[in-house]
Amino acid sequence: MDCQLSILLLLSCSVLDSFGELIPQPSNEVNLLDSKTIQGELGWISYPSHGWEEISGVDEHYTPIRTYQVCNVMDHSQNNWLRTNWVPRNSAQKIYVELKFTLRDCNSIPLVLGTCKETFNLYYMESDDDHGVKFREHQFTKIDTIAADESFTQMDLGDRILKLNTEIREVGPVNKKGFYLAFQDVGACVALVSVRVYFKKCPFTVKNLAMFPDTVPMDSQSLVEVRGSCVNNSKEEDPPRMYCSTEGEWLVPIGKCSCNAGYEERGFMCQACRPGFYKALDGNMKCAKCPPHSSTQEDGSMNCRCENNYFRADKDPPSMACTRPPSSPRNVISNINETSVILDWSWPLDTGGRKDVTFNIICKKCGWNIKQCEPCSPNVRFLPRQFGLTNTTVTVTDLLAHTNYTFEIDAVNGVSELSSPPRQFAAVSITTNQAAPSPVLTIKKDRTSRNSISLSWQEPEHPNGIILDYEVKYYEKQEQETSYTILRARGTNVTISSLKPDTIYVFQIRARTAAGYGTNSRKFEFETSPDSFSISGESSQVVMIAISAAVAIILLTVVIYVLIGRFCGYKSKHGADEKRLHFGNGHLKLPGLRTYVDPHTYEDPTQAVHEFAKELDATNISIDKVVGAGEFGEVCSGRLKLPSKKEISVAIKTLKVGYTEKQRRDFLGEASIMGQFDHPNIIRLEGVVTKSKPVMIVTEYMENGSLDSFLRKHDAQFTVIQLVGMLRGIASGMKYLSDMGYVHRDLAARNILINSNLVCKVSDFGLSRVLEDDPEAAYTTRGGKIPIRWTSPEAIAYRKFTSASDVWSYGIVLWEVMSYGERPYWEMSNQDVIKAVDEGYRLPPPMDCPAALYQLMLDCWQKDRNNRPKFEQIVSILDKLIRNPGSLKIITSAAARPSNLLLDQSNVDITTFRTTGDWLNGVWTAHCKEIFTGVEYSSCDTIAKISTDDMKKVGVTVVGPQKKIISSIKALETQSKNGPVPV
């Protein structure tokens with residue numbers, strides 16, 4: 001009894017300290033029983049009645065609390081039970097029991113060594129209803145034996161120190177509606193300070209704008225997947241889900257919700273945009289402030305309303321400021337030239353806040369009373385166009401002479417159609433003069449002699465009055481117009497005498513009316529006879545017919561001879577040679593085979609381009625943007641919409657303003673060449689525009705641009721089969737050109753275009769190129785130089801361009817493709833390239849290049865052009881490789897490489913090098929001399945230790961020279977083993 005009293009005294013004095021530091025209960029724990037919160041007696045059943053005893057105390061707030069204690073340590077065989085009241089389970093699947101208790105150290109109590117215990121037992125029993133005061137021990141299931149981590153002694157009693165223990169045990173799963181807990185004392189001195197029973201749940205939460213409800217874990221093994229619901233004013237982007245763990249924790253958030261248009265995320269909710277702000281789209285972006293000249297007056301706005309006289313076009317984004325129509329154009333100036341006028345004006349002072357300002361020209365023909373006007377004739381032409389002008393100038397032609405016109409220049413932008421105010425325009429009135437005659441189109445040579453030429457021509461198509469006379473201008477071609485003669489003729493023919501024999505003369509003719517002279521005709525060249533023999537135009541035709549007939553008879557005789565030879569057994573005797581009928585070094589082309597016609601043989605380039613190309617109406621073409629600058633002007637992308645056909649994307653080359661006649665001939669000459677080709681691997685000409693300005697060449701649009709830059713951009717991203725497919729397309733296109741008798745002269749990856757389907761097409765059909773006597777030896781066009789790295793040796797040395805020289809170039813293209821656009825011969829100078837190729841050196845195989853493809857490269861680079869394969873053979877070889885992909889898996893090995901590769905210097909005698917500079921010259925890296933000299937690599941030992949990283953550090957960063965130097969170093973090491981080699 002003294003023992004029990006000591007516990008009572010200790011509890012009553014120390015229970016305050018036990019609860020002095022309150023720890024907040026976690027939000028994921030739900031109490032089913034908490035003895036500290038029960039007011040009044042607990043009313044638990046104690047059996048036997050003299051066992052557990054209920055006592056009272058107070059907490060730190062002096063609130064009464066109830067505890068149980070037992071301390072029957074003097075008697076043997078103690079079996080004291082304490083049972084709680086019936087506890088409803090609610091939704092718990094697993095429960096936790098938290099016990100706070102004190103326990104007396106048996107060693108501190110005298111005379112109880114045989115009867116005192118330091119543990120007690122915890123039991124539970126499930127039931128669907130309350131059993132009242134009935135108590136049966138055998139119905140309870142043991143949970144655990146509870147021992148104290150710390151027990152108190154007699155000394156602690158004296159110091160009034162209470163050592164409180166806390167133990168937690170799990171119970172479950174529980175299935176019935178409720179349960180009892182029971183505590184069995186077997187002889188301990190123990191006091192139950194508090195009992196708490198709880199279960200864990202995942203509490204309500206909001207994550208990624210999705211609400212997840214309170215969730216109780218199902219069991220201890222698996223996670224519970226919970227589907228979330230979006231908060232108000234939001235919608236699912238991805239279905240929101242989270243997993244509830246057995247510890248009551250939310251894990252692995254998946255999916256999310258986003259705020260509706262007009263709402264933004266604030267404080268885990270979607271709240272309406274404030275007035276003056278808007279949000280146009282669903283999503284978790286913030287509300288934005290209304291753009292200039294717009295506002296909102298209510299919450300939750302999805303867009304802002306424009307102010308009065310401001311508008312938003314249908315295609316304008318909500319974030320764009322509201323705009324208004326532009327003001328009228330300013331400072332209109334007219335420059336009249338007979339029956340045409342050039343109108344210039346200044347931009348409006350106010351563009352309305354937009355960049356899409358364009359101008360429309362309204363033309364009115366007026367009587368002598370300016371107020372009486374009518375629309376102009378549809379024959380009036382506007383250059384570049386009448387509507388949608390982006391520049392502040394327009395040329396109007398084909399007006400009537402001596403007529404009053406009024407031109408109204410409208411300024412419009414993207415919101416002009418939405419505006420109710422009147423049109424914003426500036427007007428100018430003009431009166432045309434009498435027009436000069438149009439040019440003479442054609443000059444015909446009627447008769448020539450050694451000192452005279454007779455010419456005739458047609459009257460101009462538009463005389464614009466009575467022709468008074470014609471001015472004939474002529475000069476010797478070699479004089480280049482430095483000295484010329486002019487005479488006048490009243491009719492449409494003239495004989496010019498006192499000319500030099502066997503001399504070419506250039507003629508131009510223009511007509512004159514009361515309004516003045518028209519423009520000169522284009523230049524025509526005619527030659528006088530070398531002697532007194534003269535021949536009329538009609539006689540020359542007779543002679544030509546006779547010559548043609550004679551040639552036809554000869555050819556017919558040859559054909560008959562061949563047929564007789566076949567009949568008499570020629571086939572058996574010459575079977576291998578009968579495929580072609582040979583004439584010298586060439587062969588007879590049979591009827592039906594299409595042959596390339598050089599457009600430069602036409603006197604009039606317009607005639608050639610109209611024969612081979614389709615004339616397009618400029619109104620069917622729309623230009624989107626400028627993508628580059630070409631040889632004669634800008635290169636643009638745009639769209640072509642022909643009547644009854646689908647709109648297509650096109651590339652557009654334009655002839656720049658201020659072009660010369662020669663530039664126009666060359667520009668149209670390229671179209672005349674392209675127009676003759678029709679092949680899936682040749683760039684397709686859609687047509688030309690020559691009847692309005694600017695003059696344009698329109699081709700199909702290739703989305704991926706030039707092949708070399710495309711490959712560099714997608715380095716190592718294609719399979720070998722895909723690369724071979726590209727090469728096969730190029731070879732097929734070149735076979736077509738070769739069969740037509742066309743020599744490209746500039747075949748390189750930069751001149752191959754590739755579309756979105758990886759189809760390669762040959763382009764850049766060539767203007768005349770002149771080989772300079774420059775040691776760098778580059779072929780020159782009017783647009784720049786073409787490096788000789790793609791040019792065959794005979795073309796460099798003898799200006800001999802053939803289909804075989806195109807095959808050499810194809811081998812370089814093959815190397816470019818397999819190296820993903822690497823520059824042939826790297827940083828070698830052109831002079832070094834010429835020297836190396838003449839000495840038999842060839843490019844090495846690119847990394848991981850199939851042996852079959854590298855062998856094809858070497859075949860294309862045969863010095864004797866007759867030994868190179870034909871394009872027909874190249875196509876056949878590539879077809880076989882595509883059908884047999886396994887043959888492409890054999891990679892060119894170092895051992896199998898020929899010894900004449902540019903980067904294989906094993907055949908170079910290292911002992912011949914006296915200095916580092918000599919060595920670098922010998923391995924084609926002379927440009928590295930200063931680098932190595934600067935870092936004092938001057939001996940064999942130091943050279944042999946250089947690594948790739950070392951070269952990068954000293955400035956040799958290009959892969960080609962690195963490989964050459966490393967290859968030479970390996971050879972140097974081999975020779976160094978046999979003795980020192982000064983370098």
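Using the three backbone atoms N, Cα and C, a Cβ is placed for every residue, glycine included.
Checking the candidates TYR62, TYR243, TYR570, TYR779 against Swiss-Prot, the annotation phosphotyrosine falls on TYR779. TYR701 is the residue among TYR68, TYR278, TYR701 that Swiss-Prot describes as phosphotyrosine.
Between the listed residues TYR517, TYR596, Swiss-Prot assigns phosphotyrosine to TYR596, with no corresponding entry for the rest in that record. Residue-level annotations in Swiss-Prot identify, among ASN404, ASN620, ASN404 as N-linked glycosylation site. Neighbour count (other Cβ atoms within 10 Å of the Cβ, all protein chains): 14 for TYR596 (phosphotyrosine). Its own atom aside, the Cβ of TYR602 (phosphotyrosine) has 17 Cβ atoms within 10 angstroms in the protein chains shown. Look at the domain 'Fibronectin type-III 1' (325-435): DSSP puts its residues at 3 helix, 52 strand, 56 coil. Averaged over the domain 'Protein kinase' (621-882), the predicted model has a pLDDT of 87.
TYR701 (phosphotyrosine) sits 21 Å from ASP746 (active site, proton acceptor), taking the Cα positions as reference.
Secondary structure at TYR602 (phosphotyrosine), taken from DSSP and collapsed to helix, strand or coil, is coil.
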